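Per TrEMBL, these features apply:
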type: DOMAIN; residues: 10-207; note: domain 'Flavodoxin-like fold'
type: BINDING; residues: Ser16, Ser22, His23, Ser24; note: FMN binding site
Amino acid sequence: MNTENTTPVLLHIDASPRGARSHSRRLGRDFTASWQAAHPGGRVVSRDLGHEPPPFVTEAWVEGAFTPPDGHSPDARQAMAKSDELVDELLSASEIVITTPIYNLSLPAVLKAWIDQISRVGRTFTMGPDGYKGLVGARRTTIIVASGSDFRPGGPNGALNFLEPYLRGVLGFIGLANVRFVYAHSLNDGNPQREASLAEAGTTARQLAAA
């Protein structure tokens, strides 16, 4: 779907299962507020994966994604309906922000489930003699990450950060190459860097949203 010459749309994907105590949610609110101020006619579409998890890929989903629609079973049609809804949201957006914690050195299962749902041959990527080609196109994507320790690339635990390389790889696979990361790190209770890290991440998020 072509997003040029249309109302700006920000797709906000939130992967935190926590509510008011979630740092990534708080930073996401900072980002969306600044984005709306910079785009007064724009629209924000919010997808709360933490509280409304997308379904995992099932046998019915595989049937629906890789066989002709006229032969789909009722379960396959239902699986594709949800996947199509999520893909349509993605393709309708002119910009994307993903807010997420780091869990066990990587991304929450709900975020992986969303990625599986929107990674669709013929819709967000193609396969051909020359390999894979992403179809999503140029959409600025910001990923805001909250973590108890410092998992920033080059930081004390950067070598254990499997979230960033995976997200860069899989989003690039579907065509999202313009990806920026914002880290709120060292957020464990009692860490002396906690408040400064949150403040810096909030400032960076607001600046990126307004740019």
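Backbone N, Cα and C define each Cβ position, glycine as well.
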Fewest-neighbour residue among binding-site residues, criterion Cβ within 10 Å, set Ser16, Ser22, Ser24: Ser22
Cβ neighbour count within 10 Å of His23 (FMN binding site): 23
Cβ within 8 Å of the mean position of the Cβ atoms of Ser16, Ser22, His23, Ser24: remaining residues of the chain near FMN: Asp14, Arg18, Arg21, Arg25, Arg26, Leu27, Gly28, Thr99, Thr100, Pro101, Ala146
